[in-house]
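Reviewing the structure listed below.
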Amino acid sequence: MAMVSMAFSVKTPTLPNRCRINRRDGMAFASLSNKASASLGVRLTEGEGNLPKLVLSSPAGSEVEIYLFGGCITSWKVPSGNDLLFVRPDAVFNQKKPISGGVPHCFPQFGPGPIQQHGFARNMDWTVVDSESAEGNPVVTLELKDAPYSRAMWDFSFHALFKVTLNAKSLSTELTVKNTDSKAFSFSTALHTYFRASAGDASVKGLQGCKTLNKNPDPKSPVEGREERDVVTFPGFVDCVYLDASSELQLDNGLGDLISIKNTNWSDAVLWNPYLQMEACYKDFVCVENAKIGSVQLEPEQTWTAVQHLSTA
């Protein structure tokens, strides 16, 4: 494994020679001045709304885009050119709202609760702390630490790392959360993944037998049940939590792609499609989310790690 360390940050004007982000007229852009860095298949550029964006490219022709705002993966193109992720047409890139689509982070809270919906990780700037090549394929690691914004609603010190690995036909992520506080804390979390799909034709296998918390028709009063179907579809509004789900699900996106969704330590899954609540785009995506619905309890210096591995045939 060849490794080249790169420290990116949208908050610091001077960076190591491998990568430098400059600011001009309020716009951020990046230049990779080291050929070794460029050879890793990683470049930092300007995305929508002038926001810093990483582009990872594999030798086989696959590509991933990651915005530092929210640490959000917004695109995963396989060698055929198909983008398997979806960003909603109403998504904004102004740092005032989280990016609606791709793979947003829900942390330290999934859904509604004591703090804002889905927590704050998707509303903060992440920093790239490392880049490496694994068997010729690009790997980047982003980090998020507590700041005044997060502590105003969740008064704990933490350190999160998000490692993204791109291969020819797979996209892997590893999320690690460390308690850097002097007191214990608990959290829930999820990767709110939007898959490009024909919602009326899409289906998911691997959930049969799971205990369910069905938020249809009333999201505020989930109905407990058990999934009896081998193939779960999206015939209308869908918002359902699957507890103790399988470590591998199979998504048929209805567009000709079969996507394997494997995980380690993401104990739960969530299926979501807003149906007529988002009439402009509900037909074009489904969410299949790896989640940790029950609270993770971390004592000081303890860590929690979960892996998601998406792949196509």
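Just so it is clear, glycine is given a Cβ too, placed from its N, Cα and C backbone atoms.
Applying an 8 A CB threshold to same-chain residues 6+ apart, the list for His192 (active site) reads Val103, Pro104, His105, Cys106, His118, Val270, Cys287, Glu289. Per TrEMBL, the feature active site maps to His192 (among others).
All protein chains shown were included, and the count of other CB atoms within 10 Å of the CB of Glu289 (active site) stands at 24. What TrEMBL records for Glu289 (among others) is active site.
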